[in-house]
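Colleague: Below is one structure. I have some questions about it.
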Amino acid sequence: MANQVSNVINSMRLKRLQKQLVAVNRLSDQMRNCSDEALQAKTADFKQRLEKRETTLDKLLPEAYATIREASKRVLGMYPKDVQVMGAIVMHQGNIAEMQTGEGKTLTATMPLYLNALTGKSAFLITTNDYLANRDFQEMRPLYEWLGLTASLGFVDIPDYEYAENEKQMLYNHDIIYTTNGRLGFDYLFDNLADHINAKYLPELNFAIIDEVDSIILDAAQTPLVISGAPRVQSNLFHIIKMFVETLVEDEHFKLNVNKKEVWLTDEGIDVANHYFKVNNIYLPQYFDLVRVINLSLRAKYLFKDNLDYFIYNGEVVLIDRITGRMLPGTKLQSGLHQAIEAKEGVELSQDLSVMATITFQNLFKLFNGFSGMTGTGKLGEKEFFDLYSKLVVEIPTNHPIIRNDKEDRVYAKSDEKNKAILEKVKEIHATKQPVLLITRTAEAAEYFSTQLFKDNIPNNLLIAQNVAKEAQMIAEAGQLGAVTVSTSMAGRGTDIKLGSGVYELGGLAVIINEHMENSRVDRQLRGRSGRQGDPGVSQIYVSLDDYIVKRWSNSKLAENKKLKDVDPDKLQDSPFFRRRVRGIVSKAQRVSEETSMMAREMANEFEKSIGIQRDRVYEERNRILETSDFSAFDFDSLARDVFDYDLRTKHIHNKDDIINYIYEQLSFSFKDDAISQQIQTREQTIDYLVQQFNKQLKENMKIANNDYFKLRFFQKAILKAIDVEWINQVDQLQQLKASVNNRQNGQRNAIFEYHKVALETYEMMLINIKRATIRNLCLSILTFDKDQDLVVHFP
């Protein structure tokens, strides 16, 4: 019933698109009759009309799409089909176009990119890896340039490349920019650490199209991009608390929900902790670090498994990517969790680096004035797209009907029986010369099957998501006659598999998947490797009760039935009851996995709200300071007065000696206290006196920064230094706070409420600290000049 309703709604959306498609098609003959010069002149005409506000992008769409459509035929030899135009209309509207593999998403994206770039603001195409960004840029660049727009790759595609001064500005100073989500995210964070307006390089984030949009803003939505700073002071609690955690009993001292990745102390567990560490209440503010490390140690012990989430290599904890199965050397969990795992495994603790800046992909793309996306599997994530981003998903019809045969799952009790059956099936298909693509969840499984096939004299290509460019070429050849390719689920994504000569008659590409993935969208993506553009094809998933998804997400007793695993697999295969039960178990496990992931993303989104609002305000203030060309109207007296008033109310400043010490610490290293006692009798008089000392010291520094340019740079540097130091402290504190409270959702406190409450309190304290640090920087900094007579500021 739900599918029927969804199909009806999609049909209604397609009908609305048809009206605009007709308008585009109506202009086809007109554009076809244009000379090259006349067609190229359209871009300048469109820009002028938009600039004069004679039209809008929506009104211009039919004409602009018809223009680039005709240009594409002349420059690239490709004329976008009607279904591609429909997908392009959906994306200009800011929604998600679901387009199947091989339907030409790369060409489709050129239309909304061209239209939105006509405003004079940059339009971005964002994809998942460097290879795809570079490939699509190189293919489409001639089209944009022929039409008079500039296009660039937003990075230099050389490993460990060091950018020259102003090189980033040149890369981003284009109408259309191709880049990746990771590179754009880090560029955004670094751009907002610039200490001079000329050092900033990102253009206005106006419009973006995200390729593989579900992978980037759903699956990776809660993955934070982090710029790490100086090492934190290492806590000596990890080893002590590791021993404490080992004394705790599940259900009595702590509760555990593996599916939701939650673990928290019970009331009795809190009492045990109070007694163990000899404190009245571990949740008092002074014991924040104690609670933080207890929670980290509980998570390390019960939610992270050796050889599944990480393994020990050369005395170090090396993380494993659960999706690809690849190890991630050099990558570390944040906020002390990595150190908690190291303590658990008894290896040397690595440095826990502080966090300088962070943002999630979810918040990154919300910075754009508008963004849209394209994917082959958007419909399955439609609810979440709408709930999180207010995006509709429109399923675009394929240009040719899909005739791929998606067979029922083959089910087994044991994994070794399943693996044996998979190898036999590959041999059987290979004997006919039909190409086979065997897809696994992990690199380890892919290597196993590849090795076994070689032992059986079946040559094969192994792709385990290591060399993207090389693997893209290999996956493209997977449709050739007699080809056998073994691949992880992530390898070669974004590359079409075209059928070689004689393969169509054999039934197209055969896709065998060795287990269901944790997300049904990924299953569908993998099946979609076969049967592109109306080609024949076949796909089948093999499952067993030993599969990861069953062990991780199912609580079915059937999965633990040891007697079942002794039954002849052929008999089980012939049992409709067994097949139905196993499919039901796998289906439910996948549903639990998807719901849990969705809840985790919702939770991450809630946690991200506070830091997102704070980050926007801090970066807005940074930009205001960078863009200020004259500080003569800046009210430093009020700033100083706020700080002095706060400090006199909250610090122990009661007598002459306290005031003198305060002046030495905050205002002047050369203060002379001759007449201090006669001038200050009340708090207001003390504040007035401190403001007087502030102005006196500031004037001394102005004698050194003795022209308008030096004064401007000094004020900017002093204020930005204060903002950056305190904001870095705030970000790091919020990261640690999140790790500390994240476990308490089912405990005595509401984790989100507590997090936002403390985040607001620490933000308000940060504002005072920024003001104080600004005053201190203005007064106590030492100003010198380098050999080029440029001002150098040595901060206190």
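Backbone N, Cα and C atoms are what each Cβ position is placed from, and that goes for glycine too.
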Colleague: To which of Gln84, Gln473, Gln525 does Swiss-Prot also attribute binding of ATP at the site defined by Gly102, Glu103, Gly104, Lys105, Thr106, Asp496?
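Modeller: Of Gln84, Gln473, Gln525, Gln84 joins Gly102, Glu103, Gly104, Lys105, Thr106, Asp496 in the ATP site that Swiss-Prot records.
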Colleague: With ATP as the bound species and Gln84, Gly102, Glu103, Gly104, Lys105, Thr106, Asp496 as its recorded binding residues, calculate the greatest Cα-Cα distance and give it in Å as a whole number.
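Modeller: It comes out at 16 Å between the most distant Cα atoms.
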Colleague: Among the binding-site residues listed here, Glu103, Asp496, which has the most company in the form of other Cβ atoms within 10 Å of its Cβ?
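Modeller: It comes out as Glu103.
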Colleague: Sort out the sequence-distant neighbours of Gly102 (ATP binding site) for me: same chain, 6+ apart, CB within less than 8 Å of its CB, listed by position.
Modeller: Asp496, Arg532, Gln533, Asp535
Colleague: What number of additional C-beta atoms lies within 10 angstroms of the C-beta atom of Gln84 (ATP binding site)?
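Modeller: Taking all protein chains shown, Gln84 (ATP binding site) has 26 Cβ neighbours within 10 Å.
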Colleague: Thr106 (ATP binding site) has how many other Cβ neighbours within 10 Å of its own Cβ?
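Modeller: Cβ-Cβ neighbours of Thr106 (ATP binding site) within 10 Å number 18.
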Colleague: Apart from Gln84, Gly102, Glu103, Gly104, Lys105, Thr106, Asp496, which residues in this chain have a Cβ no more than 8 Å from the mean position of the Cβ atoms of those residues at the ATP site?
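Modeller: For the ATP site, the extra neighbours are Met99, Thr101, Leu107, Thr108.
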Colleague: Taking the Cβ of Lys105 (ATP binding site) as centre, how many other Cβ atoms lie within 10 Å?
Modeller: 26
